[in-house]
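Pulled from TrEMBL, these are the features on record:
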type     : residues : note
COMPBIAS : 1-16     : compositional bias 'Polar residues'
REGION   : 1-23     : region 'Disordered'
TRANSMEM : 32-49    : transmembrane segment
TRANSMEM : 55-74    : transmembrane segment
TRANSMEM : 86-104   : transmembrane segment
TRANSMEM : 116-132  : transmembrane segment
TRANSMEM : 144-162  : transmembrane segment
TRANSMEM : 207-240  : transmembrane segment
DOMAIN   : 211-334  : domain 'O-antigen ligase-related'
TRANSMEM : 246-264  : transmembrane segment
TRANSMEM : 325-345  : transmembrane segment
TRANSMEM : 351-369  : transmembrane segment
TRANSMEM : 381-400  : transmembrane segment
Amino acid sequence: MMQIKNNKNIESTHPSSAHVPPRERHARVRDLLAVGLLWLPVGMALVPGPHASSVYHWTVALLLFVPALWLWIAERGRSFRDAPRAAWLVCAVLLVWACLTLFWASGEHQVERIKVPLFIVLYLYAWVAWGVSRPDRVESLLRYTGLGMALSALVAMLAFPWRDIVWTHRMVGFDMLDGPNLSAYAMGAAFVWLAQLPPVRVGWRAAWLVALTTLLVFVVWTGSRGAWLALFVCLVSQPLWRPGRMARWFAGGGLLAAVAVIALKPAELLHRGLSYRPQILERALAMIERHPWGGLGMGSKYTIAVGNRSWTHSHNLFSNIGIELGLPGLALWLVLWCWVGWIGWRMRAATLGRVVLGLWVFASVALQFDGPSLLRSPRPEWLLTWLPFALALMLAAGHAGRTLLRHDDTAATPSGKS
């Protein structure tokens, strides 16, 4: 009898995993996901060198994709059960359709391209699994990520005179940010989400302002007019979806900056014309018309020629989706993208809702002018596409899962009956 009593005391002191709320299990793996979620954008902007791509993708795999896969298997995909089924099903259909297009895709290594949809699923799962279980830390993670992006922007600008790059007068990030436009898009996205997350403490407020200024200077220095326009639209629209005086300050600053550029430096806007964008779009639509239903296949290489100039993508994410995945793929992505905007608008009273809506507005404009591909290994485009979708999915899952979370906590509380 004494032995039985001692065993009961031990069980009460060390509760079994059945008494632990499901969202608190595998806590260390979830914390590792936070490191991976931070590293995916910061590492993209920070890793330099000739082997930057290999180093970056291997570290992202070890810090993010492997833990996410392990957690998915361990909890049998539980975290996705709270996510809106319609949104998740549309995303799943899009990714499955992308894999099916590999049957007629051109180029080599078609089978290896399947890893990209897998990476996307694991990225989405990581955000939902970590964000719903750590809702009080999501804003801090995004804030630290924005500060890390600002630090990498500062390093890139300070090192600019000694860097061997093609654009001698336009700022670009390090190796993973291969071009002024994508560099501006990545740093502009960081500016947008960081602007929605002002710290409460006065000391941190100064660091926040310095980080925003650094990111803004970087975006201006890139000379990316698409990023400038996207940032302008995002800033001046803030009073429509963000309450308070700060939104009016941002909108006023955006208007003053636009007036100053038009009045003092109109050549910065006009000397490159439209950069062949209308002609590129015309050729892209013709390619979609030739392959309307199946597209060329995920990851297929193509060339758009205008006169003696040629490009390897359509400089518009949406037309590129139509070229690669056909009209079915484009329609599925448009459904998902509209859903992201709706979630951001619906939850704009919450800080994270405004982060989603701000990124959605910025990306909706920026991706009209550049955005090589939706379905590639982690690249700057992810910060304008899969990050807003992941945050929207996490927001919706957290909202739907609150009742279930309370139920889990109640079930885990001992009843006190012998």
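Backbone N, Cα and C atoms are what each Cβ position is placed from, and that goes for glycine too.
Where the transmembrane segment (325-345) meets the stretches 86-104, 207-240, 246-264, 351-369, the count of C-beta pairs under 8 angstroms peaks at 86-104. Counted over residue pairs separated by six or more positions, the transmembrane segment (32-49) shares at least 3 Cβ pairs under 8 angstroms with the transmembrane segment (144-162), which defines the two as touching. Stretch with the largest number of CB pairs closer than 8 A to the transmembrane segment (381-400), among 116-132, 144-162, 207-240: 116-132.
Contact count against the transmembrane segment (207-240) (Cβ pairs under 8 Å) is highest for 351-369, out of 55-74, 116-132, 144-162, 246-264, 351-369. Listed as Cβ neighbours of the transmembrane segment (116-132) (distance under 8 Å, sequence separation of 6 or more from its ends, same chain) are residues 23, 30, 33-34, 36-37, 40, 64-65, 67-69, 71-72, 75, 77, 79-80, 82-83, 91, 95-96, 98-99, 138, 298-299, 375-378, 382, 386, 389-391, 393-394, 397-398, 401, 405. In the predicted structure, the domain 'O-antigen ligase-related' (211-334) carries a mean pLDDT of 94. In terms of DSSP helix, strand and coil, the domain 'O-antigen ligase-related' (211-334) has 85 helix, 6 strand, 33 coil.
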